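To keep things clear, I will list the structure first and then write my remarks on it.
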Amino acid sequence: MLKVFVMLIMLKIILLLKIEKWSFFSNMNMLMFIYILMFYSNMKNFSSVYKFNMMMDNISFPLILLTYWTCYMMIIASTKVFFNKMNLNLFLFMIMMLLIILTYTFISMDLMKFYIAFESSLLPTILLIMGWGYQPERLQASIYLLFYTLFASLPLLLGIMILSYKMSSSFNIMSMVYMKLNNYLWIICVMAFMIKLPMYLTHLWLPKAHVEAPISGSMILAGILLKLGGYGVIRLFYIFKWVGYKMNEMFISISLIGAIVTSLICLRQTDLKILIAYSSISHMGLMISAVYSNTNWGWNASLSMMIAHGLCSSGLFCLANMSYERSFSRSIIINKGMLNLFPTMSLMWFLLITTNMSSPPSLNLLSEIGIINSLMSWNLFSMLLILIISFLSAMYSLYLYSSLQHSKINFKINLFSNIFEREYLISMLHWLPLNIIILKSEMVFNLF
């Protein structure tokens, strides 16, 4: 793990020396991804590696890999920044900072250091939205993101201090296993992660942030930053599982009803990015309910859902950006008849949208089967709500595809803009892992 941090710091120094070789940066990022993958494959009976209050285990490892994979694709997708020289070094520096912060968040076993890294991820994200966003409304989106996060982060800090006091000034997560915790302290600690996910009723910042963010900001938000909340909830359950079991009815009910409501909102949307953002809230609602079912099936399925959603949602935002670059609009009404103009891009839309509605053989299907199993073991009545969510998910996915690809052609679209090789590459780098990981599903589905 120390070697990974040394490589990250060396890359940071290279950026400070103003070497404008963004391809070098992206290649080094991919090399670090391969390095971590080799480290995992060489570990026999891998359960955890603990050193210096840092630990990489079966929960954090897939999310670290997803972080490197997403950051690599962020660089490929942000060609507008590179070709127009829009503060290139600062942009790469922001991605570098996010990479370091997110990696440290996933491996930190000290609660205070975890809290600092968890909240530090907010600053580069806001700077990405403010510096490379599209419209003046990005200021309002940044304020929404800041205040929603800070509203829950200060109670989380208070909860961490109380836990430390009970443990004789120790912040180590592993020393808190099976510690007694009251319901109020649980809610104080967990609400910061619920807002980050976000759970329904705390979700208003997400559509605004996605709409105003550049493509790199949308990818990191959908791919990784939402997963920080899920990771935090799973860690808390791992430590205080019996306290969470007392409060599961409330959170599961809100999450499942919220998933239905947000799916209905998707059917009324005309903005591409907002529709994809609300579909993320619906999927995260299923993921939250699986965690609160307090079963091994539920925890495994929730982690699989996080990985699958991180790849699928990020890919959909990339495709939305490709459409925006040709029509200069996010409106579904304007982006029509794409099948006649860009048939290959229509194929990419079809592949990722069918994955989003959990078609086989995608990882989404495996995770949803696990979620259904875990929730049925909790309450059979939840099956009715899951059926409604699955039906609505298929409905808004088909609505999105048919609205974009069929109907009359809008001739205001830039007809002379071809699909570039990098766009094929980005689409396939999102879709292929989703359908290949299921062949080695124990990487993300045999963790507890």
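Note: Cβ is positioned from N, Cα and C throughout, glycine not excepted.
Worth saying up front: this structure is predicted, and the values here are computed from it rather than measured.
Feature annotation from TrEMBL assigns domain 'NADH:ubiquinone oxidoreductase chain 4 N-terminal' to 1-105. Mean pLDDT across the domain 'NADH:ubiquinone oxidoreductase chain 4 N-terminal' (1-105) comes to 68 in this model.
Summarising the annotation, TrEMBL assigns transmembrane segment to 21-41 (among others).
Residues annotated as transmembrane segment in TrEMBL: 61-83 (among others).
For 90-108 (among others), the entry in TrEMBL reads transmembrane segment.
Per TrEMBL, domain 'NADH:quinone oxidoreductase/Mrp antiporter transmembrane' is recorded for 108-392.
Distant neighbours of the transmembrane segment (114-133): 81, 86-87, 90-91, 94-95, 97-98, 101-102, 104-105, 108, 139, 141-142, 145-146, 149, 153, 156-157, 160, 173, 192, 209, 212-214, 216-217, 220-221, 225, 228, 232; these residues of the same chain sit at least 6 beyond its ends, with a Cβ under 8 Å from one of its Cβ atoms. The feature transmembrane segment is assigned by TrEMBL to 114-133 (among others).
Remote same-chain residues near the transmembrane segment (145-164) are listed as 111-112, 115, 118-119, 122, 125-126, 129, 170-171, 176, 179, 181, 185, 188-189, 191-192, 194-196, 198, 202, 204-205, 208-209 (criterion: CB distance under 8 Å, separation of at least six residues from the stretch ends). The transmembrane segment annotation in TrEMBL covers 145-164 (among others).
Annotated transmembrane segment per TrEMBL: 184-206 (among others), in sequence order. Note on the transmembrane segment (184-206): residues 118, 141, 144-145, 148-149, 151-153, 155-156, 158-160, 162-163, 221, 225-226, 228-230, 232-233, 236, 240, 243-244, 247, 251, 254-255, 257-259, 261-262, 277, 280-281, 284-285, 287-288 of its chain, located 6 or more positions outside it, place their CB under 8 angstroms from a CB of the stretch.
Residues annotated as transmembrane segment in TrEMBL: 218-238 (among others).
Residues 194, 199-201, 203, 275, 278-279, 281-283, 285-286, 288-289, 292-293, 375, 378, 382, 385-386, 388-389, 392-393, 395-396, 399-400 of the same chain lie 6 or more positions beyond the ends of the transmembrane segment (250-267) yet place their CB under 8 Å from a CB of it. Taken from TrEMBL, the feature transmembrane segment applies to 250-267 (among others).
Sequence annotations record features per position, and here TrEMBL assigns transmembrane segment to 274-293 (among others).
Same-chain neighbours of the transmembrane segment (299-319): 59, 62-63, 66, 69-70, 73, 77, 210, 215, 218-219, 222-224, 226-227, 230-231, 234, 237, 273, 276, 279-280, 283-284, 286-288, 290-291, 345, 348-349, 352-353, 355-356, 362-364, 366-371, 373-374, 423, 426-427, 430-431, 433-434, 437, 441, 444-448, counting only residues six or more beyond its ends whose CB sits under 8 Å from a CB of the stretch. Per TrEMBL, the feature transmembrane segment maps to 299-319 (among others).
The feature transmembrane segment is assigned by TrEMBL to 339-358 (among others).
The transmembrane segment annotation in TrEMBL covers 378-401 (among others). Outside the transmembrane segment (378-401) by six or more residues, the chain places 248, 252, 256-257, 259-260, 263-264, 266-267, 272, 275, 279, 282, 285-286, 289, 293-295, 332, 349-350, 353-354, 356-358, 368, 371-372 with a CB less than 8 A from a CB of the stretch.
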